[in-house]
């Protein structure tokens, strides 16, 4: 019988570690967090020292029971959850549960940590156990309590002032503010025209181009030329001065070193995976988790391929450095090795607990060697980690930049530049990605012919090119993570969840690979920025993260921090609940006056989303409403565009003596004839669709409905229907199966009733077009069903039944 119980978070991790430890250990998984705050008011009690009420997470109850059962017979217990605050908190919760159940009175329980899942790392960790770090647990609990108090108190204000179902998060809200402010910058941006001038030269060795840097004896700036006439005039002056050639006045060569990037931390891994692989932050972390926990490598079994992926550290262990340097010497030559290992310092504003960087557990496992055992995505991410790690310990690349100045007469000067790689160094393995390219990137790899001062170069032609300034780009995932990190907002474990929450809440949409705020997102951000300014302030949020870090280091206590935050926050929430209306909330924009009715026209966030409105609730007549079209926004729609929306519904004409119209409802555009409604296809525009197309869509729907009914039974709600997966029986409440050897159309009512009793399952939706059954028929069918249910209940009554507790729906509480 195993003597020791070791508890980790995931079953994959448990499987890998179990292979290393042998029969003396039982390795079980908690499957993540085992307890969470109860989802109702009072889970955090500020009046009682911020006491926190926890409950077991339903889906993990069985795993807690398995851990409890194993703990009863184990001689000792090791808590081996992840080496960060969340992992420390999970270990603490497990220890509290076992303590409450009286299982720790006569046996030791210790905490062990490791940042890679290898036999050496696991065995070393077991040899160096420690107690649970209360400082890390306090920091995690303070973060959880803050998130709860913000979400539970601020979200209901949004429900009342903006729209029901919204949520506000302590870290999510500043991230949303970043995206919204960037969108406002883009909208406010005024495009400016400017022109550049280039010279195309025909040197005997090769053609090359040079850009104008001096015009009429003055420095050529971006906005020196802003129209085509001025550009054409400058072109003529230069051509006349050049007389078919340019004179070389200066040649300079500069050598510079480009150093390799440090090995990955969480944020840089997410950024590079986004730039180079097109992965979302969520996908990156999911794949990295698999690589960390273990991949089956043939006869070698399950092996952890990378170190822990939630880290702020750029350090590499001495063993890892030695192995990496051996690989470099073997595959790239000793000339690619620096005299001593490269050492990096973190740029992160608040580095957490000391871990290693994200690296391969063994550099000897090259991407090519492990490729047969990995999926395509796993292989691409592993290759990224492997190359970045190896490159970080190689010599710098040496680049040579040549700059040549060429004169056209005495007043005009062009400059040609080119950069070539003299020594590849780390570039032989890896080159860091960029969000935006600059002029230096364009010059890189461009070679120039050998030229000397005093020579003349034949001029082929002078080119002018029109440009327009561009607004700042929207945030990509990589750029947003970088910005969050630079501001000190969030931590390695939260970047992916912040982004996921914004998308899930529909506060932002993805447009290509960039974030675009939705109208709901903008309304929420505007409301919070106007009325809860401090709590979406970047510096305030970053300072709060600093204080949480200080708690994790034992430098501050968590309860004083909670008091300092809670008292003014609660006062502000109570004040705003009573003092604001929806106009103050920033979700209403006045557009002007409707010329027909003379009433006020506004754009606003309504119950079902963005809309426009003619009139107000104070008018005698009820206001009229219209939904916005796709790609329209309440923040940019004009009065004319808004009035156009009220042309819905459009009457297209008549068909089968019934009016046919199109409109836009809660669920999108639709066509209607009589009592038949049909959603328009994505390619159909409700403002341009004609009668023929609308009639076709309606007829198609009615045809499907007609063909759906195989058989009706007189005086019965039961029907034999055609479904997506074949014929079936339904009474509108239950759906039953038809045996494959039975012809559906030949079923009798009694047979159909019996099939419903034997195979019936609750129907998702009642599509029946039949009238409601009479009271007698309903009573008759119900009696039969109840009899069957009673038998079934009696049969299983001796088995334990889990008590179901109905819980009040609580506001969403997010980061």
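From the backbone N, Cα and C atoms, a Cβ is placed for every residue, glycine too.
What Swiss-Prot says about this one:
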- 308: active site, O-(5'-phospho-DNA)-tyrosine intermediate (ACT_SITE)
- 9, 82: Mg(2+) binding site (BINDING)
- 774-801: compositional bias 'Basic and acidic residues' (COMPBIAS)
- 3-119: domain 'Toprim' (DOMAIN)
- 133-573: domain 'Topo IA-type catalytic' (DOMAIN)
- 167-172: region 'Interaction with DNA' (REGION)
- 759-815: region 'Disordered' (REGION)
- 33: site 'Interaction with DNA' (SITE)
- 143: site 'Interaction with DNA' (SITE)
- 144: site 'Interaction with DNA' (SITE)
- 147: site 'Interaction with DNA' (SITE)
- 159: site 'Interaction with DNA' (SITE)
- 310: site 'Interaction with DNA' (SITE)
- 505: site 'Interaction with DNA' (SITE)
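Taking only the Cα positions, the spacing between residue 308 (active site, O-(5'-phospho-DNA)-tyrosine intermediate) and residue 82 (Mg(2+) binding site) is 8 angstrom. Comparing the recorded positions 159, 308 by how many other C-beta atoms lie within 10 angstroms of each C-beta, the top residue is 308. Note on proximity: among 82, 143, 144, 159, 505, the recorded positions of the record, the Cα nearest residue 310 (site 'Interaction with DNA') is that of 82. Note on proximity: among 33, 143, 144, 147, 505, the recorded sites of the record, the Cα nearest residue 9 (Mg(2+) binding site) is that of 33.
Of all the recorded sites listed here (33, 143, 144, 147, 505), 33 has the Cα closest to the Cα of residue 82 (Mg(2+) binding site). In sequence order, 57, 60, 86, 89, 90, 93 make up the list of same-chain residues 6 or more apart from residue 33 (site 'Interaction with DNA') whose Cβ falls under 8 Å from its Cβ. The distance from the Cα of residue 144 (site 'Interaction with DNA') to the Cα of residue 505 (site 'Interaction with DNA') comes to 20 Å. Take the CB of residue 143 (site 'Interaction with DNA') and look out to 10 A: across all protein chains shown you find 25 other CB atoms. Per-site Cβ counts within 10 Å over the recorded positions 82, 147 peak at 82.
Using Cα positions, the member of the recorded sites 143, 147, 505 nearest to residue 159 (site 'Interaction with DNA') is identified as 505. Fewest Cβ neighbours within 10 Å among the recorded sites 144, 310: this applies to 144. Note on the domain 'Toprim' (3-119): its mean pLDDT in the predicted model is 93. For the domain 'Toprim' (3-119), DSSP puts the residue distribution at 47 helix, 27 strand, 43 coil. Helix, strand and coil residue tallies for the region 'Interaction with DNA' (167-172), in that order: 1 helix, 0 strand, 5 coil [DSSP].
Across the fold, the C-alpha of residue 147 (site 'Interaction with DNA') and the C-alpha of residue 505 (site 'Interaction with DNA') stand 16 Å from each other. The DSSP secondary structure for residue 144 (site 'Interaction with DNA') is helix.
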